[in-house]
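What Swiss-Prot annotates here:
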{"type": "DOMAIN", "residues": "7-227", "note": "domain 'ABC transporter'"}
{"type": "BINDING", "residues": "Ala43, Pro44, Ser45, Gly46, Ala47, Gly48, Lys49, Ser50", "note": "ATP binding site"}
Amino acid sequence: MAAEIILRLERIGRAYKEADRELIILNDADFTLRRGEMVALVAPSGAGKSTLLHTAGLLERPDSGDVVLDGRSCSKLSDDERTAVRRNDVGFVYQFHHLLPEFSALENVMLPQMIRGLSRKAAAERAQQLLEYMKIGKRASHRPAELSGGEQQRVAIARAVANAPLVLLADEPTGNLDPTTSSYVFGALEALVRQSGLAALIATHNHELARRMDRRVTLKDGRVVDL
């Protein structure tokens, strides 16, 4: 029996104005992501990977079509409602970690939980658990500048899943790391996804990492197609 569909993109259209012409990025794009599934999004720069991720994660509104998250249509949600859904159900990881430099690793992972309303004590406990799982628990008190690139990215991953999202969207999460560190960080990410059962869509240029996922897709003529 197939796993439950967590994320569904239905005939997504997205275009941008460029000088005197319209640049079509997504054109009736369809895509489904199931619980516990890891999907690699492999496409050249400029193909629309970031646009697809931002649309799927409710950071951008599509010009047409619908994003359905856990059975809920998001096309008619207000900006505040989209923000609430994004905060509760979607985790983001980027190529650059975007950690807050003035806070420790532990505090960076605590913050999204406290914004959601968790107590400081409960947030600290979960943050420490996640850092331990990412094998960086002993560095919890260190600020980002005191961590290596791989350590910073593992903190960013822990932060992304701190609120137990349904979906993890990652845009080149290991793209700024050397091959050995990249493989190690991806292994930690993969273990976390498998253990938690969330669904993950990961954009990457790294074909070796892409082959470690459940399936691979690309963008062709504005549509999502299997590789």
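Yeah, the Cβs are placed from backbone N, Cα and C, and that goes for glycine too.
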### Query
On a count of neighbouring CB atoms within 10 A, which of the binding-site residues Pro44, Gly46, Gly48 is highest?
Gly48
### Task
Determine the minimum-neighbour residue: among Ser45, Ser50, listed as binding-site residues, which Cβ has the fewest other Cβ atoms within 10 angstroms?
Ser45
### Task
Report the same-chain neighbours of Ala43 (ATP binding site): residues 6+ apart in sequence with Cβ closer than 8 Å to its Cβ, ordered by sequence.
Lys49, Ala203, Thr218, Leu219
### Summary
Taken over the domain 'ABC transporter' (7-227), the predicted model's pLDDT averages 92
### Query
Within 10 Å of the Cβ of Lys49 (ATP binding site), how many other Cβ atoms are there?
22
### Task
Could you tally the C-beta atoms, other than its own, that fall within 10 angstroms of the C-beta of Ala47 (ATP binding site)?
18
